[in-house]
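A.B. asks: Submitted below is the structure of interest, expressed as structure tokens.
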Number of protein chains: 4
Amino acid sequence: MTAVKKIAVLTSGGDSQGMNAALRAVVRSGLYYGLEVYGIQRGYQGLLENDIIKMDLRSVGDIIQRGGTILRSARSAEFKTPEGQQKGADVLNQHGIDGLVVIGGDGSYQGANKLSKLGIKTMGLPGTIDNDISFTDYTIGFDTAVSVVVDAVNKLRDTMSSHARSSVVEVMGRHCGDIALHAGLASGAETILVPEVEFNLDEVAERLRENFAKGKRHSIIIVAEGVGRGEDVVSKLKECHASIDARVTVLGHIQRGGAPTPFDRNLASRLGDFAVRSLINGESDKGCGIIKGELVLTDIDKVVNTKKEFDRELYDLALRLSQ
Amino acid sequence: MTAVKKIAVLTSGGDSQGMNAALRAVVRSGLYYGLEVYGIQRGYQGLLENDIIKMDLRSVGDIIQRGGTILRSARSAEFKTPEGQQKGADVLNQHGIDGLVVIGGDGSYQGANKLSKLGIKTMGLPGTIDNDISFTDYTIGFDTAVSVVVDAVNKLRDTMSSHARSSVVEVMGRHCGDIALHAGLASGAETILVPEVEFNLDEVAERLRENFAKGKRHSIIIVAEGVGRGEDVVSKLKECHASIDARVTVLGHIQRGGAPTPFDRNLASRLGDFAVRSLINGESDKGCGIIKGELVLTDIDKVVNTKKEFDRELYDLALRLSQ
Amino acid sequence: MTAVKKIAVLTSGGDSQGMNAALRAVVRSGLYYGLEVYGIQRGYQGLLENDIIKMDLRSVGDIIQRGGTILRSARSAEFKTPEGQQKGADVLNQHGIDGLVVIGGDGSYQGANKLSKLGIKTMGLPGTIDNDISFTDYTIGFDTAVSVVVDAVNKLRDTMSSHARSSVVEVMGRHCGDIALHAGLASGAETILVPEVEFNLDEVAERLRENFAKGKRHSIIIVAEGVGRGEDVVSKLKECHASIDARVTVLGHIQRGGAPTPFDRNLASRLGDFAVRSLINGESDKGCGIIKGELVLTDIDKVVNTKKEFDRELYDLALRLSQ
Amino acid sequence: MTAVKKIAVLTSGGDSQGMNAALRAVVRSGLYYGLEVYGIQRGYQGLLENDIIKMDLRSVGDIIQRGGTILRSARSAEFKTPEGQQKGADVLNQHGIDGLVVIGGDGSYQGANKLSKLGIKTMGLPGTIDNDISFTDYTIGFDTAVSVVVDAVNKLRDTMSSHARSSVVEVMGRHCGDIALHAGLASGAETILVPEVEFNLDEVAERLRENFAKGKRHSIIIVAEGVGRGEDVVSKLKECHASIDARVTVLGHIQRGGAPTPFDRNLASRLGDFAVRSLINGESDKGCGIIKGELVLTDIDKVVNTKKEFDRELYDLALRLSQ
């Protein structure tokens, strides 16, 4: 006996690489365990508009390697109201859908939480490049976003090294510096500016000068958007007389694109399958995550109300190794 | 009998992918034909500082695939003066160097022209990503730069398509829209703004609206920096009520990096070899180029004083195909 | 007045990267010039089975960057018979289709030739990675295939260089060594074995030994499949006492995949548009090509009966530069 | 007080991506903590030949992104003898080197174990693409090797899908199927043949036929070399009447190359730093690993005598999702 018979899946909020791999896992695991599976297009807005399609094995064929989300995503002001949420639950009930998997970030989780209170069994999957969801070590898309940044920095190094200059790269991360941190460590960036660690641009400029004096031929400064615009960082460093390239690289939404890395695909596959099995086992209102290699469930309330911890040790390692 | 016995090579101005492949071709062809070959580090500035090293077969081993330039590049105010140029010629004469291959853009060519008037046999190789040197269909680095842009646009499409939005990408090209044009055609961009073609942002906004009405799910607008900043284009399009993503992608110097494409490596190899053979044959003060598949020499004076023609037919094709 | 009103397009034979970009150009140019456009699925076999769909602007949206062909391809024994060809012409006539663009290699061209004799206006586009079609400098897919090979050799170099070894890579090309030649030049391969140039494995082994003696730390040998299997080359080189890695890399069909390079996309776009314009202008039974930068038409008979010339000069350059 | 004052580092056995990042971490952490650091070239053979260089901050500049190993690697028959090992210890003692970090696989670990018994403090870092070292969840290079395979399969899918065929890819892994498993899951392979799981090719052929009947348009079969050659698998599947592409892809040593992924660079950075800190703390004869996110030390004896467990659950998930 399974606790759910018909489930649906939607993607919501900003898309991330690996969402399609997660969708595929939800659909195919659902079918494997004998459930009916539906796809809701354009997130909660599509739910309100009854934009729902039946999924079969082939609906998710040949998508594991694609960025974006075949179900698309959209914002929905209406779904933020209690009336909208009730309407969403009604639409699901009309279809006889008793379980819902939501793939997205914070806002998406909150929607799942509301629906669970209206009688729908829900599961949240962490789909966002920012890695800013707690109770999971990695979000789906984070590894790929880091790869995109590191690939860009590799390209910059070629030209920086030829001209003995420093260069600023602005990456995503309003409240969470994880992209900056992991990409900074992996690309040997000298300076990593994140919202979680205070810094002083005078000292940054001083460090740049020292490193060039020690023979360094180029220097990369990674700036998470949460601490300000790359352009402003350049202006201030120039005032501090650092020898810096005026041209900032702003990676923008390309950080959300590209084929997902194998790491993200496999993470998404494991989490998608886990979400389905958890619904079948009668769980609801939970966020799915992976912590130290283990699949875990956490109350959505707790997930959205806990700020993710910043890995200060890794940050210090990055600086130690980029002398 | 060869017209030169000892030749040198330098890279100057902004670096481009394929400069190393060109260096390798100059050095190895030179050695193959029995010449002594020297490398001048950091462009004309290094020449003035006598920063010159002897090159052998191994000096250019394992570099064909690397971006940047192993000889590095630098600006030199001094070399722009007649005194500086004379000093440069003197340094070359002291080494007994009678031929010089310069890899770079416009400014680099002008330096070669000056030195040729002071008795050094010179050849210019078109090394710049902008494709803004005349009398060659392609400059070394252009194909790779276009690839970098197209790869970024591919990534953007994933996320744009998931959200039904338009997005602006700012690419290099102050006076020459070739990167924008070729990358725009290859990535199916709806709008390509270049310095060579007048445009009206109201019409651009209108076209975006029409295309969405016709069912297009996303739209890419490529802006060559020569027409203005991507950010300003977004602001104005918003005033025209286009549904556009506020986040601009500014690719900056990553367009100069990355492993050169096979096309650029082979172009660089052919041109480098051709420069050496031309020096040996007694030619001087010439720019080397490839026009409709044929290697050609053109007086440097003529090269630097002729504006490259814009391929309006290709531009029209790009628009025709991106409906 | 246009010479055709309804056209169809099909892809046939082995697929190549850029076929989708060519399809897109045929469809959108056709629509732009006021034609009706149809897509025939699975090549000539689909034609016989009347597997034909109407194409609109959106049918070819978001495909310019995809490898393979959305119309798919297949072999057809039946279409090789006169009866099959007549049946194909009949199907086209039933639909009122008076023009056909065929994208593929030699066999595909021959089919177009037969249909043209049965009253259908036809155009051939060179879609094959092998670059083995004459009267065009480049076939659609060739540049991408070369990139795939060069990317693989880059990876090999990392490990070869760490171990001071030589390595053999087997690439496609039964009768035409162009992939081997262009990839070999671009990747600095020491040895390039192609069907068009005789060679002696004793001398190859001798050259390997000499190069290592001169300080080379690794060596790449590229073998076009037309001269034999990579595995057999390794065995014979071992008998000649060369220090060679026993593990051969056989790239196989990955040479046909991957996102097409910008070069291939733009080539495909130009040729696809050209094919449509040529049909409109009353041309038929022609292969479209690009020779020294110019779009040209050649009688299909002549195309299929002329062997492509091998660029011996480029081959010699490759060897000269890989000392 | 630190337990060591002068340390050396070497890379041994087959190289893997991320070895350079590990080297960089060992050198820079060592210097940061006030140690002298030496690099031994060409593994244990270089140790016997006293091929040792002093490392400073710049020796490891600009290498984090490079595949291979700047210290190179080699086999050493002599070092496998007790006399060789004593000689190795003597060389280290002559230099006053009291700590050694060895980066490599099984054989490399055994060498470290021998040296530790001769009075040298040693640490092993798991540097191999095969993921076949126990007491660490991931080896350095594994994630990149999986990426290389998955990238190749992506390319294959393009062409397989156009022709409705199945294709076989042979990947590395003599005793350990982890590359096949992780790449297979990430690329949606229908069949994954590994040494750890028994299989029957009749059933594989049957499954292929069923999947095509269910509408699958292509199928990928990943074969770890430990179960046999891809070529032989194709022959047998053909005997079972499966519709399969005769052309096998054998990725060979390209699986060892390419820029390391950010995951591998960060893993290598953490492990390299950890090895140095462990030596400083007086530890010796230990393998460094990361288990469920935590850095751990394990006696080398235990590491080399424990077979890595195969993740059967992940294997079953891969099959469940590839219907």
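Residue 1 is the first one shown; counting continues down the chain.
Cβ atoms here come from the backbone N, Cα and C positions, even for glycine.
What you see is a predicted model, and the numbers here were worked out from it, not measured in a lab.
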A.B. asks: C:ARG75, C:SER76, C:GLY105, C:ASP106, C:GLY107, C:SER108 bind ATP according to TrEMBL; which of C:GLY14, C:GLY18, C:GLY30, C:GLY34 goes with them?
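C.D. replies: Checking C:GLY14, C:GLY18, C:GLY30, C:GLY34 against TrEMBL: the ATP site match is C:GLY14.
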A.B. asks: According to TrEMBL, C:ARG24, C:ALA25, C:VAL26, C:VAL27, C:ARG28, C:GLY188, C:ALA189, C:GLU190, C:LYS214, C:LYS216, C:ARG217, C:HIS218 bind ADP; identify which of C:ARG42, C:ARG58, C:ARG157, C:ARG247 is listed for that same site.
C.D. replies: C:ARG157
A.B. asks: Determine which of C:GLU196, C:GLU198, C:GLU225 appears in TrEMBL for the same substrate site as C:THR128, C:ILE129, C:ASP130, C:ARG165, C:MET172, C:GLY173, C:ARG174, C:ARG247, C:HIS253, C:ILE254, C:GLN255, C:ARG256.
C.D. replies: C:GLU225
A.B. asks: Rounded to an integer, what is the Cα-Cα distance in Å between C:GLU190 (ADP binding site) and C:ARG247 (substrate binding site)?
C.D. replies: 18
A.B. asks: Nearest to C:GLY107 (ATP binding site) in three-dimensional space, by Cα, is which of the binding-site residues C:ARG28, C:HIS218, C:ARG247, C:ARG256?
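C.D. replies: Of the binding-site residues C:ARG28, C:HIS218, C:ARG247, C:ARG256, C:ARG256 has its Cα closest to that of C:GLY107 (ATP binding site).
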A.B. asks: From the recorded positions C:GLY14, C:ARG28, C:GLY107, C:ASP130, C:GLY188, C:LYS216, keep only those with a C-beta under 8 angstroms from any C-beta in chain B, and list them in sequence order.
C.D. replies: C:ARG28, C:GLY188, C:LYS216
A.B. asks: What three-state secondary structure does DSSP assign to C:ARG256 (substrate binding site)?
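C.D. replies: In the DSSP reduction, C:ARG256 (substrate binding site) maps to helix.
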A.B. asks: Taking only the Cα atoms, work out how far C:THR128 (substrate binding site) lies from C:SER76 (ATP binding site), in Å, as a whole number.
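C.D. replies: Pair distance, Cα basis, whole Å: 18 Å.
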A.B. asks: Can you figure out which of C:SER76, C:GLY105, C:ARG247, C:ILE254, C:ARG256 (the binding-site residues) comes closest in space to C:VAL26 (ADP binding site), comparing Cα atoms?
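C.D. replies: Checked the binding-site residues C:SER76, C:GLY105, C:ARG247, C:ILE254, C:ARG256; minimum Cα distance to C:VAL26 (ADP binding site) goes to C:GLY105.
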A.B. asks: If you compare CA-to-CA distances from C:ARG247 (substrate binding site) to each of the recorded positions C:GLY14, C:ARG24, C:ASP106, C:ASP130, which comes out shortest?
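C.D. replies: Checked the recorded positions C:GLY14, C:ARG24, C:ASP106, C:ASP130; minimum Cα distance to C:ARG247 (substrate binding site) goes to C:ASP130.
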A.B. asks: Have a look around C:ILE254 (substrate binding site) and count the other CB atoms within 10 A of its CB, chains all included.
C.D. replies: 27
A.B. asks: Sub-8 Å Cβ contact with chain D: please pick out which of the recorded positions C:ARG24, C:ARG75, C:ASP130, C:ARG247, C:ILE254, C:ARG256 have it.
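C.D. replies: So the ones by chain D are C:ARG247, C:ILE254, C:ARG256.
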A.B. asks: Out of C:ARG24, C:SER76, C:LYS216, the binding-site residues in the record, which is closest to C:ARG174 (substrate binding site) when you go by Cα distance?
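C.D. replies: Checking each of C:ARG24, C:SER76, C:LYS216 against C:ARG174 (substrate binding site), the shortest Cα distance is to C:SER76.
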A.B. asks: What subset of the binding-site residues C:GLY14, C:ARG24, C:ARG28, C:ARG75, C:GLY105, C:LYS216 lies within 10 angstroms of C:ARG256 (substrate binding site), using C-alpha positions?
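C.D. replies: Hits: C:GLY14.
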A.B. asks: Does DSSP put C:ARG75 (ATP binding site) in a helix, in a strand, or in coil?
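C.D. replies: The residue in question, C:ARG75 (ATP binding site), is coil (DSSP, three-state).
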